[in-house]
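Asks: What TrEMBL shows for this protein is this:
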- 14-285: domain 'Acyltransferase 3' (DOMAIN)
- 38-59: transmembrane segment (TRANSMEM)
- 105-126: transmembrane segment (TRANSMEM)
- 138-154: transmembrane segment (TRANSMEM)
- 182-200: transmembrane segment (TRANSMEM)
- 212-236: transmembrane segment (TRANSMEM)
- 256-286: transmembrane segment (TRANSMEM)
- 298-321: transmembrane segment (TRANSMEM)
- 327-346: transmembrane segment (TRANSMEM)
- 358-380: transmembrane segment (TRANSMEM)
- 483-503: transmembrane segment (TRANSMEM)
- 509-534: transmembrane segment (TRANSMEM)
- 586-605: transmembrane segment (TRANSMEM)
Amino acid sequence: MTENNILSRQNTLWMQGVSALLIMLMHFVMQLEDYPRFFNIFGSVAVAVFLFISGFGINESHKINGINNFWKKRFLRVIIPCWTIFLFQLPFVEHFDSVQLLKNLTFYDSGLWFVDYIIRWYLVYWISRRFFTKNTKYILFVFGIYNVFQQQLYSEQAFSFFCGYLASEYIGKLNRLNKKHVLKYTCISMIYGIIFLLIKEISTIQQIKGSLLFNVILLNIKLPLAMSIITAPFLFPLFKKIGIFNKLGKISYELYIVHYNFIPAITGIISIFIYSAFSIIISVIFRRINQFLSKKSYFIYSLTGILYIGICYTLMCKYSMRVTEHYGYICIGYALVLALGILFFAPKEEEKKTNRYLPYLFGITTTVLVIGLLIAQYHFDPLTNKVDRWSALAYPIQNLFHGQFPYSAKTHLGGNASPFPIWLVFHIPFYLLQNVGLSEIFTCMIFIYSIKLLSGYKAAIKATLLLFLSINLWYEVAVRSDLISNFFLLAAFINILQVYQINFKQHPWILSVCVGLWLSTRLSVAFPLFILFFPYYIKLKVKKQILIPLLIVGVFAMTFLPLILWDAKELFGAENNPFSLQFRQGSPIATIFLVTIALTMSLTWKGSYQFQVLYSVIILLLIPIISYGYSMYIYGNWTDIFNSNYDITYIDAAIPFAITILSLPKLKG
């Protein structure tokens, strides 16, 4: 299709840009007192343009690609971006509604009606093309009639998508029309729409708002008037030289779903300009990430980037909302900085020429990070911390050196110690340095070095800078929490196995011992290890399959043997013993669900290191999400997620694995 055709790519891009701008301005202007009511028409006409182009575009795509990968494209281009917006909204929702969240995620009466509507059209189009190809036109027409009887927003746009489809089906005839004919038909269409617009304004008609007749009148207004926008770039080519509309066209979908979030903030004319600019800036960045997400070679990177931003953003929301009412600006600004970082670090084809300055830059960045973390840690008095993970390590070790049973120690907040024996032993050197919190910085450096071994200096520098950008790391170090250090070490261990190509099939016994020791640090490490090793385990002989679990359990039990001999009653009988503390947030149902997911993941990563690490990110996020979600469902305290009832810093466990993926160079294939 040439650029001289009515519905050329350049023309449709211009239409989308104009329509996106009109919709955003309409929604913003509507928030003003005594706004001009006639302005509503511009937004609804623009929606008709969007639906028309969607119907046209999806059928043009079908001519080239058929029905192949239909839902994959819609999922990546439409659904994931929308889900992202819905989830990033959660910290700003005054009263959390789990039912509404479910509706949003399933696009059933969600907060974005247009997306609900367009997905329904996609579904009907796919069904018709998949099973009733010859009757597609009639099925879409019948669905249009069905929409006439739905709510007003659906009814007034009942045939916009269908007409776009028809335009694609008869594109040859449309392209043979000259400007004179197009202008004539456009004028007729506009006159037709204006007539019904005037009819709508009759006082008698206004009294039947919400009725089927009123909706039919609206139906005869929106698409006919939309033809003025659809034909404008063809009739007046100079319009296309207004570059802003073409640029907005490229981000039109992102602009549509992003600007909704700022509607409540509109208070006057100046705020319209401010939030319009803000919406456009966010949409440009969001569009770039979505483009990466749609590319097969960047899918894992992009998805991990979104998860990394979400982890950091969530923690920023939790603590910034406690200190300022303007936390929204801080959180969104922070998310934008992280998004720019993800785009900047996006992997490219690796240059064969080695930059000789990379080792020096690596040394500088890691040194700056270490100094910054040390300053952050020693700036705060640990005894004033409201987090007692550091004292849950230091005080049991102190008891141990004083000949007292470790788990009888209380934390500085009066809690009980939950760390397992190997994790306590690991922290003895840091205890002797009078600061167990130094383990976070030490394991952070080990993790960065494992990235260097895995992918070189450039990847290690990326990892260092991404750690520097993560508020989660600074929080963990400042409060001397050992959680992230546990997973820094685990991620480094897995990276080193990858470096030296050590797998469970070749070294089942030594790695089984390692698994038993790892379980004696924190039980949740079992999930990434299970995903990594299980595909090799099932290929072993039956004898080994029986002996290996026994070995793992035996090693794990052996780490507790000295403590059992010392005081078994105190170890197992106490109400808050380390086992009960590590299991307290879970439930049998949640555990079964997590194990099922982990099993599925372990059988589907199929040798792809990036997929295996991505699965580790996801499972470590699901552990607190499912556990807390189940708890909130039982107790009905959905709104407590950002207060002290729930420790959402457990999501920090996924940070090292996310950064591993974001640091890796682009993989071929």
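Cβ coordinates come from backbone N, Cα and C, glycine included.
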Asks: Mind pulling out the one from 105-126, 256-286, 298-321, 358-380 with the most Cβ pairs under 8 angstroms to the transmembrane segment (138-154)?
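Replies: By Cβ pairs under 8 Å, 105-126 leads among 105-126, 256-286, 298-321, 358-380.
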Asks: In the same chain, which residue numbers or ranges, 6 or more beyond the ends of the transmembrane segment (38-59), come under 8 angstroms Cβ to Cβ?
Replies: 7, 12, 15-16, 18-20, 22-23, 25-27, 29-30, 114, 117-118, 121-122, 125, 156-157, 160-169, 197, 218, 221-223, 225-226, 229-230, 252, 256
Asks: When you check the transmembrane segment (256-286) against the transmembrane segment (483-503), do you get at least 3 Cβ pairs under 8 Å, counting only pairs 6 or more apart in sequence?
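Replies: No, these stretches are not in contact.
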Asks: Is it true that the transmembrane segment (298-321) and the transmembrane segment (327-346) have 3 or more Cβ pairs under 8 Å, skipping pairs fewer than 6 apart in sequence?
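Replies: Counting Cβ pairs under 8 Å (6 or more apart in sequence), the transmembrane segment (298-321) reaches the transmembrane segment (327-346), since there are 3 or more.
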Asks: Residue list, the transmembrane segment (509-534) vs rest of chain: Cβ under 8 Å, 6 or more residues beyond ends.
Replies: 419-423, 426, 486-487, 489-490, 493-494, 497, 502, 548, 551-556, 558-560, 582-583, 594, 598-599, 601-603, 605, 612, 615-616, 619-620, 623, 653, 657
